[in-house]
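Shown next, in structure tokens, is the structure this report addresses.
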Amino acid sequence: MNTVKTVRELRAAVARARSEGKRIGFVPTMGNLHAGHAALVKKAGERADFVVVSIFVNPLQFGPSEDLDTYPRTLAADQERLLEAGCHLLFTPTVEEMYPDGMDGQTRIHVPGVSEGLCGASRPGHFEGVATVVSKLLNMVQPDLALFGEKDFQQLAVIRKLVRDLNLPVQIFGEPTVRAADGLALSSRNGYLDEQQRAAAPAIYRTLRQLGERIRAGAEDFPALLADARQALEQAGLRPDYLEIREPISLRPGVPGDRQLVILAAAYLGSTRLIDNLSVHLD
């Protein structure tokens, strides 16, 4: 595995791989990698011949009161995990490399519709930062395919629309959420949880599953279902940010009669905000 820090080095390495007829796969990350990231890299290796991973904690997607300064930087451990997972090229740019003219003057990309509401309402400017950095990275790497985890479901919807609307020549794959044995979705922010909070955290997925089962059983009073689910989260010690039933492509509110739905949740344990989702297929 080769590690590069500049766009010039990145493009040269990718060009060499492409000249050898290799199909390029790409997995963008913010580091502090866990088994979910490793699964994305391994899947990229199944779909492509040359796997590029980026590690960049993107300031543009953090709000002023969020955890940019405290977000864990664990490069040495990340490199070991990526080597084991089959990464060929690691790109670790600085903020100055990504935003050479500073962030205030950086052209930004807004993806309408799917970026609004849910996490977009709770974290103003977040998806603009995500869309901007992903656009830059896709232009830098120019991969044949890129992989993202379905845990960040709204982010995946934003990226799919971004790629479609801007006619970017890349296939986007969403990969299933990797979970701990008790159902908690793996997340770099799980490390912020203390022992008591970690014990309470699986209630998010448990509540989503119970809600999904009720919908599959024919329940159609979505407001009542959501009220019950919010109460279940609160009783488990979580503070819900949002809990919504949506249509999975447009992310419009789901209605009875929709055959494909996704339930999305965000909740706080102390100051740590966790997100999760569950797809519901009514065939």
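Here, residue 1 is simply the first one shown, and the rest follow in order.
The backbone N, Cα and C atoms fix where each Cβ goes, glycine too.
What Swiss-Prot says about this one:
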- 30-37, 149-152, VAL178, 186-189: ATP binding site (BINDING)
- HIS37: active site, proton donor (ACT_SITE)
- GLN61, GLN155: (R)-pantoate binding site (BINDING)
- GLN61: beta-alanine binding site (BINDING)
Secondary structure at GLN61 ((R)-pantoate binding site) (DSSP, helix/strand/coil)?
helix
Quick one, of the binding-site residues MET30, LEU33, which Cβ has the fewest other Cβ within 10 Å?
MET30
Please give me the CB contact count at 10 A for GLN155 ((R)-pantoate binding site), counting all chains in the structure.
23
With a 10 Å radius around each C-beta, find which of these recorded positions (HIS37, SER188) has the fewest other C-beta atoms nearby.
SER188
To the nearest whole angstrom, what is the C-alpha distance linking HIS37 (active site, proton donor) and VAL178 (ATP binding site)?
9
Pairwise Cα distance for GLN61 ((R)-pantoate binding site)/MET30 (ATP binding site) [Å, integer]:
11
Under 8 Å by Cβ from GLU150 (ATP binding site), same chain, sequence gap 6 or more:
LEU156, GLY174, GLU175, PRO176, THR177, ASN277, SER279
